[in-house]
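A.B. asks: What TrEMBL records for this protein is below:
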- C:93-308: domain 'ABC transmembrane type-1' (DOMAIN)
- C:9-29: transmembrane segment (TRANSMEM)
- C:92-117: transmembrane segment (TRANSMEM)
- C:129-150: transmembrane segment (TRANSMEM)
- C:185-204: transmembrane segment (TRANSMEM)
- C:239-265: transmembrane segment (TRANSMEM)
- C:285-308: transmembrane segment (TRANSMEM)
Amino acid sequence: MSTMSSEVVKSSRQDHTAVKSSLWTQSMRKLRKNKLAMSGLIFVILMFLACFVGPLFSPYTDGKINVTAMNKAPSLKHWLGTDMLGRDVMTRLLQAGRISLTVGLASMLLSVFIGSILGAIAGYYRGIVDQVIMRIADLLLTIPGLPILFILGALLSEWKVPVDSRMYIVMLMLSFVGWPGLARLVRGQMLSLREREFMQAAVVLGLRDRRKLFNHLLPNLFPLLIVVATLSIGGAILSESVLSYFGLGVTPPTATWGNMIDSANNVIDFEKHPWLWIPPGFAIFSTVIAINIFGDGLRDVLDPKHKK
Amino acid sequence: MKNTLEIDRLSTYFYTEEGTVKAVDDVSIRVREGETVCIVGESGCGKSITAMSVMGLIEGTTGKVVNGKIGFDGENLLDLSKNELRTIRGNEIAMIFQEPMSSLNPVLPIGQQITEPLMQHQKLSKKEARLRAIELIKQVGISRAEQIFDSYPHELSGGMLQRIMIAIAISCHPKLLIADEPTTALDVTIQAQILDMLREIKEKSNMSILLITHDLGVVAEMADYVVVMYSGKVVEEGEVVELFNNPKHPYTKGLLKSKPIINQRQEQLYSIPGQVPNPLSLKESCYFHERCAQCMSICETQQPKLKEVGGSTQKVACWLYEEGIADV
Amino acid sequence: MSTYLTKRLIYMVLILIGASMLIFFLYALTPGDFVSGNLKMSAERKAELRDLYGLNKPVFERYLIWMKNALHGDFGYSLAQQKPVLTLFNEYIWNSFLLAIVSTFLTWVIAVVIGVISAYKQYSWFDTIVMIFIFAAMSIPSFFIGLFLIKTLAVDLKWLPPGGMMTTGSNATGWAYVKEVIHHMTLPVVVMTLLGVGSLTRYFRSNMIDVIQQDYIRTARAKGLTERTVLFRHALRNALLPAITLVGFELPGLFGGSIIIEKIFNWPGIGQLYMQSFGSRDYPLLMGFTMFIAVLTVIGTLISDILYHLADPRVKL
C-alpha cells in the first residue's frame, strides 16, 4: 500500500517537473523576444563586467595620491578626470560599482531569503505563528524607513566599525528594512496557494508538512520571488546610495556610487568639478533603470496574472 | 421574405505572435426578417467572433476583418465609418452576452445603463428616457421597476440582470438581436424563462434573432434555421427540422448523438473523440478529419466546399456527399 | 461596521504602542546625547544638565515618562532650539505641507491623464514612450536628480534659485512674497513630482487596461455609445475607484516632509529640521518626529480602508 502511494507521488512529481521545465523554456523563449527587457539584461551584464573586470585594465588602480594631477577635467588620459587627490575618477567609478552592485545584490538576497521564509511560514501555519510574524512586519512598516536607517547608520559610525566591514553591516541594515514587505507578499500568495486543488491533493495523499511546504508550495512561489527579487536589487542600490551620500553607509576611502556623489556637498566641487559627482549619479540611474526594465519583462513572462 | 442580415464570405483573422488564426474563414450566413438563426459549435469555432464582426467590435491591434461583406438594410456595414456604425449599434442591431453578472457596469445604477442608448439614439430627454426605462423593466417581467431603476447590478440576481440586458437591447426596437450564449451562465429554470421571453418579444416586434449557442436544446427550442460551425468554417446548415432529422455532416451527427435524450436511458453518453485542432496549425484539409470515423484520404489533403445536397435547403461541406468521391 | 471599526482602532493603538517602544529604544541605543556632545561645557555643568533632563534615569523609566507626557500632548522640549517640540513642528510643518500638497496634486493629475491615455492606446508609440518614462522616473536616485537640476538649471543657467524658500535678506510681502516662494519651490516640486509620478502612472495605466478589457465596456460599446462616453463614464470611474485607497497612504508624505528633498534644496521644512536635530542628537525632537510619522501612517491606513469600503457599492462592511 505504502509503496503504491509513493509510486503515485513519484510519477506525479515527474509529470510536474516535465511540465515545469517546458513552461520554463517557454517563458525564457518569450523573454528573449522582448527586446526592451533583453537590452536591460545586457546592460546590467555589461555593467557588472565593467566594474569587476574593467579596473584590471586601468593603470590607476593603486589609488595613490598624485599631486601633479589634482582636479583635472576629463581628458584622453583620464576619461572622467581626476579628483582632489589626483585619483582617476573612471577607475574609482568602476571600483565603486563593485561595492554598490555587491551591496545591492547581497541585501536583496538576504531580504528575499528572510522575507520568503518568514512569509511562507506565516501563510502556511497561520494561527499564532502568523500573528507574531505579521505583527512584527506591520510594526516595522509603520515606522518610517529612512529614520531607522539613519539611526542604524549613526550606530555604525559611533561603534567605530572597521571601514572594511561597514559594507556588510549596510547589507544587514537594508535587508532589515526590506523583509517585511516581502514577507507580506509571500504570505498572501501562500494563503491563496493553500486553497488550490493540487494542495488539497497533497493533503489527501497525506504528505508531511515539511514536504508540502518545500516540495509543493515554495516551487510555486519561485516565479513571483524571482520577479520581486530582481526588482528589489534596484531598490537596494538606490537605498545604499542615499545612505552613503549622507555619510551613514559605506564611507571613504572605500568608494561607492553614493559616497562619490558626496563630493557635491562641497560647493567648489559641486559647481566647478561636476565630473566628480555626475558620472556616479548616471551610473546608479542607468543600472537601476536597466534592472527595472529587465525585471518588468520577467514579470510579464513569469507572472502572467500581472501582465498589463 | 426580406433578408435582415446578409453575411457574405466573411473572414476575420487574428495575427498573434505565434501565427495567424483564421477565427472566421469564408463564412456566409443569412438571417431573414422575423427569423431566428442559430449558430452552433464548440467553443473556439468562431461563432462569437462572427457576431463581434457584425457589431464592428473586433478591437485591438491583433484582430481584423480581412474579407467579405456584411449586408444590413441595403448597406455593407464594413464600408461604414466608425461613427455611422455606432449609430446602428444598440439601435438597429443590439446584442446580449453570456455573462450578465459582468456585462453591466458595477458602479453605475441600472437605470442609467438603460437610459443611455435611449438618450443617445432616440434623443429622448432624461425624463422621457426614465419613463421608457421603467416601462422596459416591466416589459421584461421585473416588478418593482422604480426600485430596480435606482439599484446597482450587484444587488440583482443573474437572471434579473440578463432580463435587464434584454431590456437594454430591445430599448430602441432593433431589427436584429444578436444573443451570444444568453442562457449559458444561468440556472436551467431561468434559462427557459429567458428563452420564452426572447421568443415572445420576437413575435411581437417581428425582430430577427441571431442566436449563438453550443446547446442543442436551445437550438431545438428557438431556431428556424441552423448553421453549424467548426474551426472557423460552416460545415452544415439547414432548416431546423430537416437538420435535426437528417444530419449529414459527421460532426453534426456527432453533436446530435452527444445530446442526452429525455426519457431514454443510455449506457454512456456519446462524445466526439479527439479535440478541436490547434487553429495555428491548420493545413488544407477537412478540419474535422482527425476526429472523423469516416475519414478518407482526400479529407486529409483537400477542403470540401459547402454545397446543397438532396435538392433541399440543407447544405453540407463534406467529401462523403461529393459525387464520384464517396465511392472510391 | 462599528465592530469592525472598534477592532481596527484597538489594533491601531497596539501597533502604536509597539512602534513607540521600538522608536524610543532605538534612539536610546544611539550613542551620544545632546549634552555630552557639547564641547564648551564643563564636566560638572554636564552632569547637572544630564540630571535635569533625566538622562541618567534607566531607559525603561525614561520611556514611561516620555509616553506619559506624550499622552498629555507634550512631546518634550527641544534641547538644541530651546522650544517645545510641538511648537517647532508647527513652525516647520506647513512649509513641508506646501511642497507636498502641490507636488502630490501635480503627480495625481499627470498620472491619471497620462496613465489613462497610454492604457487606451496600449502598444502605440505614445504608450512605449510613457513606459520608458515610467521606468526612468522609478529609477532616479532622488538626491542626485535634485543636485543635477540645481547644477544645470540654477547654477549654470540661473533660471531658478538653487535653494531655500526666500532670497537671503529679502523682506518681500504680499504678492511679491508669494511670487518669491513660488519661484523657490518650483525646483523641489518638479523633483518631488518626478519621483512620484512614475509608479502612480503605471498604477493607473494598468488599472485602466484591466477595466478596458471588462465585459461591461464591451456592452457599453455594443449599445452604440460614443467612445468619449465609454471611456469617461464607464471606464474611468472603475479605473479610479481603487485609487481611493491610495489617498490615505499619501498622508504621512503630506505632513512628514521629505528628508532628502528638503536637505538638498535647503527648504525649511520638517525633514530639514530632522536632519539638523540628528546632527546634534536632539532626541526629544527626533523621537517626536519619528513617532509623528508612525501615527500618520497608521491613521492613513485606516482612512484608506474606510474610504475603500465607502467608495465601492459592492463592498459591505
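Heads up, the Cβ atoms here are built off N, Cα and C, so glycines get one too.
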A.B. asks: Do the transmembrane segment (C:92-117) and the transmembrane segment (C:185-204) share at least 3 Cβ pairs under 8 Å, sequence separation 6 or more?
C.D. replies: yes
A.B. asks: Going through C:9-29, C:129-150, C:239-265, C:285-308 one by one, which has the most CB pairs that fall under 8 Å from the transmembrane segment (C:185-204)?
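C.D. replies: Going through each listed stretch, the top one turns out to be C:129-150.
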A.B. asks: May I ask for the residues of the chain that lie six or more residues beyond the transmembrane segment (C:285-308) and have a Cβ under 8 Å from a Cβ within it?
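C.D. replies: Apart from its flanks, the transmembrane segment (C:285-308) reaches 8-9, 12, 15-16, 19-20, 23-24, 27, 66, 70, 75-76, 78, 80-81, 85-86, 88-89, 242, 244-252, 255-256, 270, 273-274, 277-278, 315.
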A.B. asks: With a Cβ cut-off under 8 Å, give me the same-chain residues at least six positions beyond the ends of the transmembrane segment (C:239-265) that come close to it.
C.D. replies: 92-93, 96-97, 99-101, 104, 112, 116, 119, 142-143, 146-147, 150, 162-164, 187-188, 191-192, 200, 203-204, 207-208, 210-211, 271-272, 274-275, 292-293, 296-297, 299-305, 307-308, 311-312
